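Database features, via TrEMBL:
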BINDING   GLY16, SER17, GLY18, LYS19, GLY20, THR21, ARG127, VAL136, TYR137, THR200  GTP binding site
BINDING   SER37, ARG42, LYS63, LEU64, VAL65, GLY90, PHE91, PRO92, ARG93, GLN97, ARG160, ARG171  AMP binding site
DOMAIN    127-162  domain 'Adenylate kinase active site lid'
REGION    36-65  region 'NMPbind'
REGION    126-163  region 'LID'
Amino acid sequence: MASSRLFRAIIMGAPGSGKGTVSGRIVKNFNLKHISSGDLLRANIEKRTELGRIADKYIREGKLVPDIYITKCILGELDQIKAHSWLLDGFPRTREQADDLWQQERIDSVINLDVPFEVIIERIQSRWVHLPSGRVYNVGFNDPKVAGRDDVTGEPLSQRPDDNPVAVRKRLEVYDACTRPINEYFEKKGVLATFKGSTTDEIWPHVKQYLEAKIK
């Protein structure tokens, strides 16, 4: 679907909420560019850019890359695609990042996926990951074409050692605590749209209907 005007959106969702799948459907159905903070960081690290070298240093030390570098990376990328509609994934992650983004870009919509923690915990236990790219598969939900192999490279998939129920619940609680202020920020701006459900197929029709009304 082509739009007569530019449309800028953010997608929010806990790890294991199906955010990647929903993002893919949004990009395909509404012709938006998908901007992933994780993909951008990986690309910068691979190209050994100044940001990439800084980010790699922090990651190797087991530390989070400071806000200032992530924000500079994202805002710089968005500045280069001003003529395109886009969907931003993985940013903002703090209230400060949200404010920096709002100051530079007109955000039309923040799509927030609200999936019960118990559903996510069960789903993540069946999750397999292609570590070099970050591509994620779920047995019985988003299966790889060949069991145990990445669809693109054919390389082996693996399970993260911290994908156990206790660790997953802790991550979800941390995510919830971090993103609640961000959602409240965008709700006050009048652009937050929350979609509740247990599966992507349950949530997607509502997201699609919402965007069809927004993007004309």
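Cβ coordinates are placed from backbone N, Cα and C, and glycine is handled just like the others.
Note that TrEMBL annotation is computational and uncurated.
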| note | Taking all protein chains shown into account, the Cβ-based neighbour count within 10 Å for ARG93 (AMP binding site) is 18
| remark: Note: among binding-site residues GLY16, GLY18, GLY20, least Cβ-dense neighbourhood at 10 Å is GLY20
| Among the AMP-binding set SER37, ARG42, LYS63, LEU64, VAL65, GLY90, PHE91, PRO92, ARG93, GLN97, ARG160, ARG171, as the record gives it, the longest Cα-Cα distance in Å | 28
| field | From GLY16, GLY18, ARG127, the binding-site residues whose CA lies within 10 Å of that of ARG160 (AMP binding site) | value | ARG127
| request: Could you tally the C-beta atoms, other than its own, that fall within 10 angstroms of the C-beta of TYR137 (GTP binding site)? | output: 20
| field | Those residues of the chain, 6+ apart, with a Cβ under 8 Å from that of VAL65 (AMP binding site) | value | LEU41, ILE54, ALA55, TYR58, ILE59
